[in-house]
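S.K.: Sharing a structure here in structure tokens format.
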Amino acid sequence: MGLPNTDSCRIRNFCIIAHIDHGKSTLADRLLEITRTLDRTQMGSAQVLDDMDLERERGITIKSHAIQMRYNAADGLEYTLNLIDTPGHVDFSYEVSRSLAACEGALLIVDATQGVEAQTIANLYLALDAGLDIIPVINKIDLPSSDVEGVARQIIDLMGVKRDEILAVSAKAGIGISELMESIVHRIPPPAVKNNEPLRALIFDSVFDAYRGAVVYLRIVEGLLKRGDKVRFFASDKLFTADEIGIMTMTRQPREQLASGNVGYLICSIKDVKDAKVGDTVTLADNPAVERLSGYKEVKPMVFSGLYPINSNEFEDLRESLEKLALNDASLIYTPETSVALGFGFRCGFLGLLHMEIIQERLEREYGVNIITTVPNVEYRVFLTNGEEVEVDNPSVMPEAGRIKQVEEPYVSMQIITLADYIGNIMKLGMERRGEYKTTDYLDTTRVIMHFEFPLAEVVFDFHDKLKSISKGYASMDYEYIGYRDSDLVKLDVMLNGDTVDALSIIVHRSKAYEWGKKLCQKLKGIIPKQMYEVAIQAAIGSRIISRETISAMRKNVLAKCYGGDISRKRKLLEKQKEGKKRMKQVGRVEVPQEAFLALLNIDE
């Protein structure tokens with residue numbers, strides 16, 4: 001199965017980039033089928049490369065995947081095609097950029113019914129930055145609602161290509177796939193071969209194998225990698241022995257060596273995927289390269305949330321589950337924390353909201369751990385009056401207001417593509433979320449691209465859902481981090497009968513604090529069950545109460561046994577009840593149901 005090294009001119013390394021749900025993984029299936037890497041009977045289910053249940057269900061690709069195919073072209077030669085399937089979601093854009101760096105070309109897929117969307121443009125820019133040759137492909141042309149010529153015009157405006165350079169296919173029906181294969185062979189250049197240089201290989205993904213440790217997927221940029229070589233990872237500066245190297249078809253195929261230009265895998269008994277970071281460079285220990293490949297960066301989590309087991313006995317199960325998940329996901333970070341209201345749990349850092357949802361769902365589905373999640377928030381920079389600077393990712397550790405000199409929060413630059421009819425709605429949403437409007441450009445007569453700058457905290461919550469609902473599903477968004485800015489933020493505490501519930505604390509902008517406090521108290525009033533005594537729900541900034549709701553006590557009719565009789569007897573019974581309730585209120589703890597934490601997540605509903 002392996003290729004002789006002399007045939008590097010017949011290698012094509014390419015990836016497929018697209019907005020979510022534009023048919024990327026289905027197209028990958030057709031390519032596997034036409035190259036006979038798999039036949040239909042082996043496929044079983046659609047989307048072969050999306051091998052997590054969650055990936056298939058949500059119709060998204062979460063991890064990057066790599067697979068090698070052999071194709072007999074019309075010119076009579078056999079070509080080796082290395083397809084790298086990339087995630088399409090904004091949370092995983094760093095993974096996408098590293099996958100692109102392992103390729104020479106890209107197929108840009110655009111849905112014939114939807115047209116160019118925000119992440120199509122974001123991924124296109126990533127591909128152009130990586131210097132890739134791009135083949136634009138319009139997919140789903142078999143659907144009755146497809147508008148091939150309209151979408152082609154959008155692509156021409158966006159990329160400046162000629163009409164005959166745009167391919168039209170239907171991945172599901174298998175239309176136009178042969179023409180696409182020929183285009184891959186003729187329009188994507190072969191890799192540059194530098195076999196005589198010191199080894200430099202780019203890691204674009206890693207997965208954890210319970211028996212073999214971390215399996216590293218890499219692209220050999222320069223030099224040769226042989227089985228048994230001692231290798232060094234630049235980021236961790238650790239040394240390992242290459243126990244097994246090879247190529248990926250549907251299974252791992254061991255090889256004795258991988259030459260420059262090839263894509264393959266490396267197994268070298270790595271116990272932790274954090275030692276094999278995406279974007280890092282692998283070199284030889286005895287003949288190392290002087291510098292790493294450019295583009296590597298430490299992935300920083302953008303969204304933080306507390307995860308607590310519903311049943312406190314499951315804390316160890318949660319720890320083990322997070323450890324196992326982190327083996328496969330180097331971007332997940334977690335540290336233990338305790339909460340007065342929720343007990344022991346973990347503070348977790350995620351790339352974005354989708355990443356957070358996926359981790360939660362995998363914890364519940366694959367590991368059977370039931371969890372309560374606190375409100376997601378971002379990391380703030382707090383400058384204190386004594387000159388110190390602290391990073392706060394949890395509202396409960398926010399310093400007191402008197403010690404704070406200034407607070408900074410992260411901002412993102414966002415582009416929203418929508419139909420022109422919804423500009424007004426989106427401007428209104430932008431203003432509500434403290435957005436700073438920049439510009440609007442027309443893509444064609446009906447579609448516009450709007451540019452905003454937002455505080456990340458306003459976006460991570462439910463912005464995407466709101467955007468979809470006000471634009472009847474037509475708008476799409478993409479954002480990138482642009483740095484920290486000074487902001488007037490305060491910590492809003494929730495108190496039940498004077499006791500602060502730390503897990504309900506949030507950090508909000510001062511202009512929104514009153515509105516949040518009011519909504520939150522009203523929401524909690526409807527959720528917290530009645531007690532035998534009165535419960536006061538208060539929202540406070542520091543010692544100042546800004547909103548209050550009261551849950552009245554459940555009352556037993558203590559006068560039921562008094563038929564007529566002396567009023568003082570009745571008064572005595574009522575006084576006794578009042579005393580009992582007062583005593584109860586002093587010792588009683590209000591149980592906060594799980595719905596109260598979920599209420600924070602959809603406060604506007």
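If you go along the chain as it appears here, the first residue is 1 and each next one adds 1.
Cβ atoms are placed via backbone N, Cα and C, with glycine included.
The feature GTP binding site is assigned by Swiss-Prot to Asp21, His22, Gly23, Lys24, Ser25, Thr26, Asn139, Lys140, Ile141, Asp142. Taken from Swiss-Prot, the feature domain 'tr-type G' covers 9-192.
Describe each of these features in terms of where it is and what it packs against.
M.R.: For the recorded site, Asn139 (GTP binding site), the DSSP three-state label reads strand. For Asn139 (GTP binding site), the same-chain residues that are 6 or more apart in sequence and have a Cβ closer than 8 Å to its Cβ are Ala18, His22, Gly23, Leu27, Ile109, Val110, Asp111, Ala112, Val169, Ser170, Ala171.
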S.K.: Judged by the number of other CB atoms within 10 angstroms, which among Asp21, Gly23, Ser25, Ile141 is the least packed of the binding-site residues?
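M.R.: Among the binding-site residues Asp21, Gly23, Ser25, Ile141, the sparsest Cβ neighbourhood within 10 Å belongs to Asp21.
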S.K.: If you measure every Cα to Cα distance among Asp21, His22, Gly23, Lys24, Ser25, Thr26, Asn139, Lys140, Ile141, Asp142, the residues said to bind GTP, what is the biggest one in Å?
M.R.: 17
